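Asks: Sharing a structure with you now.
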């Protein structure tokens, strides 16, 4: 009886128990970040604690509904996090940040008797990748920083950017189209501008336009008036020729 307890104690306390887990590093996050909400004096809760606003979830994909539980962990000030005491199985790792975007933030984690490997989730990659990377506490998963999230519109050049991004933006992106558009607007606006600031010149232009229009009408009306006389003349000549033939 005592021998059995001694043997059990040796296996329990003398044999080291391997912990299944891994570590991950969020790399290349800039140390100096332009805070637009500070420039605009907008209050953001926990605004300076960037690691505290990163949520990390490890979701078991092959567990039953009764045993299903999302495993959460915290990101430290060095932008690292870790998981330990993991059971064998397949997990999905999700990394969501309020402030940063990452090249890939979804990974499939496979745990198999102390061997852990990670690969990019196909839902998070434009290219299908089946490459698995072994990870551990000594060889952490490297999650690459991509860009800073920006939730506030920049006031600088906002009107110009809005025009260039509008459906008519292609007009102003081309010098030729911009010139033609400007000339067309000037032609349309010129009569109103002249009539408001130079009424005398506007009256002279109206009289000149009326005179030109009258000359055009007279030029068009003259040939129309001569058509009946020509037809009559041709008709009389035809009757004379017929009378000569009868004789």
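Residue numbering: from 1, along the chain as shown.
Glycine is no exception: its Cβ is also placed from the backbone N, Cα and C atoms.
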Asks: So which range, 130-152, 153-175, 176-198, gets flagged transmembrane segment in TrEMBL?
Replies: 176-198
Asks: Against which stretches of its own chain does the transmembrane segment (176-198) lie, if we need a Cβ under 8 Å and a gap of at least six residues from its ends?
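Replies: Contacts with the transmembrane segment (176-198): 170, 205.
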